[in-house]
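Participant: Grabbed the feature section from TrEMBL, which reads as follows:
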BINDING   B:Gly228, B:Pro229, B:Phe230, B:Gly231, B:Ser232, B:Gly233, B:Lys234, B:Thr235  ATP binding site
DOMAIN    B:7-68  domain 'ATPase F1/V1/A1 complex alpha/beta subunit N-terminal'
DOMAIN    B:109-190  domain 'ATPsynthase alpha/beta subunit barrel-sandwich'
DOMAIN    B:208-429  domain 'ATPase F1/V1/A1 complex alpha/beta subunit nucleotide-binding'
DOMAIN    B:436-520  domain 'ATP synthase A/B type C-terminal'
Amino acid sequence: MAKEYKTIGEIAGPLIFVEKTEPVGYNELVNITLADGSVKRGQVLDTSKDIVVVQVFEGTGGLNKDSGVRFTGETIKLPVSSELLGRILSGSGEPLDGGPRIVPEDRWEITGAAINPYSRKPPEEFIQTGISTIDGMNTLVRGQKLPIFSGSGLPHNEIALQIARQAKVLGAEEEFAVVFAAMGITSEEAQHFMYDFERTGALERAVVFTNLADDPAVERLITPRLALTAAEYLAYECEMHVLVILTDMTNYCEALRQMGAAREEVPGRRGYPGYMYTDLASLYERAGVIKGRKGSVTQFSILSMPGDDITHPIPDLSGYITEGQIVISRELHMKGIYPPINVLPSLSRLMNSGIGPGRTREDHKAVSDQLYAGYAEGLDLRGLVAIVGKEALSERDRKFLEFADLFEDRFVRQGMEEDRDIETTLDLGWELLATLSEAQLTRIDNKYIEKYHPAHRNKNKKTVEASTE
Amino acid sequence: MEIKGEIYRISGPVVTALNINARMYDVVKVGDEGLMGEVIGIKGEKTIIQVYEDTSGVKPGEPVIDTGMPLSVELGPGLLESIYDGIQRPLPVLKEKMGDFIQRGVSASGLDHNKQWEFKPVVKKGDKLKGGEIIGTVQETGNILHRILLPPNVSGVVDEINEGTFTVDDVIGRLSDGTELKLMHYWPVRHPRPVKNKLRPTIPLITGQRIFDGLFPLAKGGTAAIPGPFGSGKTVMQQQLAKWSDAEIVVYIGCGERGNEMADVLNEFPELEDPKTGRPLMERTVLIANTSNMPVAAREASVYTGITIAEYYRDMGYDVSLMADSTSRWAEAMREISSRLEEMPGEEGYPAYLAAKLAEFYERAGRAKTLCEDEGSVTVIGAVSPPGGDFSEPVTQNTLRIVKVFWALDAKLAQRRHFPAINWLTSYSLYGRTLDEWYNENISTEWTKLRSDTMNLLQREAELQDIVQLVGSDALPDDQQLTLEIARMVREYFLQQNAYHDVDSYCPMINQYKMLKAILTWGEKAVLALESGASVTNIVALESRDMLAKVRFEKDIDAVLDTVMKKADEEFAAQTQQR
Ligand SMILES: Nc1ncnc2c1ncn2[C@@H]1O[C@H](COP(=O)(O)OP(=O)(O)O)[C@@H](O)[C@H]1O
Ligand SMILES: [Mg+2]
């Protein structure tokens, strides 16, 4: 049993400063016993011969200078086991579902080591989410980290749930295991997720970690790490394909900011710590596929943009790390369009490796590019019309204006239970593009126009049928 | 002799040690596991060390050993086709030693010390050699002859030199003072390698990217910055440059960025052909991957490791280009370390020496006469990742003060999938004039005029667009409407270039010239047609115009352009006859 110190010299916010210790290791796990016998956990942030700084995960409420501090001599670990599936745990990994303690098959460090870039296999397996704006224009692939950038009051949870329900890899039998980590969300929101998991039977293949809004903020710093450790275990030891949903990353970042302030660090941009990029990367980069291993970790986190501002440090730094972003638009939401995904600022950086012949369809890239260009042009014109009126537009421009409306109404809009396959999505794209003049389709190779454009398609049909017979 | 001190304090990657008397930038071994670190500060009896590996579990009181050597890289055959972390540890070796995840406490040397190389001397006994001279050659990869150099700080008379098969550790000869000659030598990364003198950059680095070569050219030995918000195309453009630019050697540094992007390069480069030599691209490439989740101190070191390797190949007389994606992550690494040191912060928390470090780094670029009297160059292209896409932040601003080419990426263009999303109104190249002569001689004497006509057209478009925003395009007179349409052709048919299209991805310089000329010629014809009474609507609907749009997807453009321009002549003639 490690030696107990009663030498706390100072308590400041979530931090305690312990004096006169034997040498203590950096990042060590710390147990602190309160007068009432309860135990809190913490982690060493700074250690020297004179003073050791510890951050306390459950908060420092109830601590005093007499609290007993024990340094465990090891870093924080998560007991891992395939039995994690179906379990609901607290934000620090304690069972909340009244079930038995998890009998560990192993104990893994929650900080997780970086995947050697040489060991990574570039993600390329198309995940069909059944949502046109994602599959058609911001394609998700297995092993990607693609967050939803949203705002308060927007239906990001519905979208995340729809994806969790519908996501599949074409031609693959296995279903995704889901690791869900709630950080600082309300219990109502958490209920919403749990209800849907139960309704669809997803809970059996899910692990849930919940740190709610009224749980200590510092705990949020470990919740996603526990979740990702569980995900890595399921992926790399149990050979599962894991979808990790982290929500809300904004609350995680706020906790990080609080910790920085408590340590009186020099803040970076807008008060967030200068190391926030590196810290976030240590979470997001834990997605991927490893050569020679069967499982994979795909991340679909949710973050709310404070003030709907995409340049705010939280979405900004996230966007610099993740492999794209799905941006939810308040404007589309107000128009009553679900899912209100604004494709223009949205991006999937791994789309190109997941689409094309043999994966989705040969014309996919071109259709997507053309839809983008057309919609962007239409939106510009919408802005212009507000000033100069529709009459000032040329015939060509009017077509683009209408195209933008059609695009939102038919392509973006779909039902919450509507699961469109990729063929349907692409054909729908062509149908809309056909409302523009063919000469405007400059992003598309003629060979695809001849093969897929509705005007040519009917003409071609007979020849195609003949040749496949 | 090794001096052993002990750890006083650990705060993340920064460790304070007592009782060692190390020099600044000495490499030290920290703790029981001997983690690699570097001295970055000395305050009284305390020595401040940045550690290149994770320090979890390291305790005060553990030993610190000074190696007495500065942070150095191994330079010799075997660098090409390698992928290293920020401190030149080969990632395949790390994988072999510790599996798919990077653990710590493993050392690995930069070069393969067992591999045998065929060495052919070019000097003989009695030759008098100066530092940096070539003593012989090794065929390093299919196309790259590795010139074995005498280290820049060594000189003397050859006493013995042997031809044969050697490892990098074997002695291949001796100088008369007894100095052993080997295929490799060490060089401290924070010291620029010396050259005889610097030369004016007068030869363009041909990149195969139309907006670069066409409008904002970079010179061999020049410096460029690509700033842009996330998703605007920094990485894709850096990779395009690594793939297609006509450098002989490419050093690509993934500095604090994504692991998958490096995996992608590793996957793709061995498959792609160097357009100049037809050899796999990987054979001319050195990769350095210190991704965002790898230790931040090693990220700080990665750019130095990279540029030292680049200088080494320059010293052999090669044209090297170096891409650093992203220099902002390097700056942030400096900031993280600096704040752990509790240094007085400058702007936005960056250390006050940020500007100086950036300048020192870019200063290592250049075209030069090497110590062996050859000519070589290091071209440096740095991506910059401004927070919130705001170019007024310190890293962008300090970089712009140094570099000569500014390729400004624009989120608005990227959002509408106009790629490369380089803003043609704000970007610039200060090499334009110096390179004109080369274009006159090698491409066409018309080239510079074409370029300035294009720039003028795009400027004119921007002015007209401002008016359109107020009154709508229909209110413009016909000739101005036509100007807008021709400018649109330049943007969509020439400036846009799809990095993922087999053919479009790389456009040879001569094709760029032909395409641009064709578009502008078509535009001139259109203006004439308009003057003789044709309508804008009809001109814009001509088939030859649509045909021009697709030229960029064609491999053999001569025949295509021929057809297009014939068609254009017919169509324009018909237009004017109708009147
Ligand atoms: N030249 C290009 N051609 C085609 N697509 C491009 C091009 N440049 C960028 N893109 C698209 O933009 C996305 C983001 O580019 P990337 O270079 O990763 O941005 P950044 O490094 O600035 O964050 C890419 O995934 C790709 O889809
Ligand atoms: Mg990038």
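Keep in mind that glycine also has a Cβ here, set from the backbone N, Cα and C atoms.
I would like each feature placed in context: is it buried or exposed, what are its neighbours, and how far apart are things?
Facilitator: Under a cutoff of 8 A between CB atoms, and with a sequence separation of 6+ in the same chain, the neighbours of B:Gly228 (ATP binding site) are B:Lys234, B:Ala383, B:Val384, B:Ser385, B:Pro386, B:Gly389, B:Ala408, B:Leu409, B:Asp410, B:Ala411, B:Ala414, B:Ala421.
Across the domain 'ATP synthase A/B type C-terminal' (B:436-520), the model assigns an average pLDDT of 93.
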Participant: Which residues, same chain and not among B:Gly228, B:Pro229, B:Phe230, B:Gly231, B:Ser232, B:Gly233, B:Lys234, B:Thr235, have a CB within 8 angstroms of the centroid of the CB atoms at the recorded ATP site?
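Facilitator: The surrounding set, listed in chain order, is B:Ser385, B:Leu409, B:Ala411, B:Ala414, B:Ala421.
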Participant: Which residue among the binding-site residues B:Ser232, B:Thr235 has the fewest other Cβ atoms within 10 Å of its Cβ, if you could check?
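Facilitator: Result for the binding-site residues B:Ser232, B:Thr235: minimum number of other Cβ atoms within 10 Å at B:Thr235.
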Participant: Consider only the binding-site residues B:Gly228, B:Gly231, B:Ser232, B:Gly233, B:Lys234, B:Thr235: which of them have a Cβ under 6 Å from an atom of ligand 2? Write none if no residue does.
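Facilitator: What lies within reach of ligand 2, judged by Cβ under 6 Å, is B:Lys234, B:Thr235.
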Participant: Suppose we call a site close when its Cβ is under 8 Å from a Cβ of chain A; which of the binding-site residues B:Gly228, B:Phe230, B:Gly231, B:Ser232, B:Gly233, B:Lys234 are close?
Facilitator: B:Phe230, B:Gly231
